[in-house]
Amino acid sequence: MDEILVLVDKHDNPIGSAGKADIHQKGMLHRAFSIFVFDNKGNLLLQKRAATKYHSAGLWTNSCCGHPRVGEALEAAAHRRLGEEMGFDCPLKKVSSFIYHAILPNNLIEYEYDHVFIGRFDKEPIINLDEVSDYKWVNLLKLRALINNAPDVYTVWFKKIINGLSYQDIEEWQRLI
């Protein structure tokens with residue numbers, strides 16, 4: 001069954017709902033979240049999206065991402081997806097929000113009001129192979145070079161977030177968790 005997601009205006013006020021597939025085919029602005037999980041050494045947990053995902057399949061991205069369902073609190077949805085995709089939960093802190101729009105290679109359209117959460121976890125995840133095909137911990141100082149050397153292997157939203165951060169922003173995130 002197609003998930004029903006929250007449509008929002010440019011101020012993140014709910015204005016309706018629609019099916020996930022319809023939203024991404026028509027490019028409707030909807031609520032989403034991106035989670036960045038760090039270990040105690042400051043490494044970022046990346047996941048490789050499963051090859052069966054209907055968009056951005058097989059691409060590397062942030063620790064977890066998803067959408068709240070209608071009636072579901074944003075942070076509750078973030079915790080739900082972290083467990084569903086990565087097999088663990090941890091305290092999360094919201095650090096920013098932004099709107100982005102991108103046309104994906106398969107003619108799907110991402111138009112999201114994306115809320116960014118950070119967390120800390122120091123064990124290995126137990127990935128759900130229906131969602132995630134691989135994971136790795138990456139040193140943040142090397143991450144931009146990795147993305148610049150092979151931009152096509154990373155999701156659009158992940159590149160947008162990372163490229164929009166200064167090293168001071170990343171250091172601040174580290175202090176917050």
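In case you wondered, yes, glycine gets a Cβ from its N, Cα and C as well.
Feature annotation from Swiss-Prot assigns active site to Cys65 (among others). Around Cys65 (active site), the C-beta neighbours below 8 angstroms that are at least 6 residues distant in the chain are Ala32, Phe33, Ser34, Ile35, Arg81, Trp157.
Feature annotation from Swiss-Prot assigns active site to Glu112 (among others). DSSP classifies Glu112 (active site) as strand under the three-state reduction. Counting Cβ atoms from all protein chains shown, Glu112 (active site) has 25 others lying within 10 Å of its own Cβ.
Under the DSSP three-state reduction, His30 (Mn(2+) binding site) is assigned to strand. The Mn(2+) binding site annotation in Swiss-Prot covers His24, His30, His67, Glu110, Glu112 and rests on sequence analysis.
Swiss-Prot lists Cys65, Glu85 with the feature Mg(2+) binding site.
Annotated domain 'Nudix hydrolase' per Swiss-Prot: 28-160, in sequence order.
Its own atom aside, the Cβ of Glu85 (Mg(2+) binding site) has 23 Cβ atoms within 10 angstroms in the protein chains shown.
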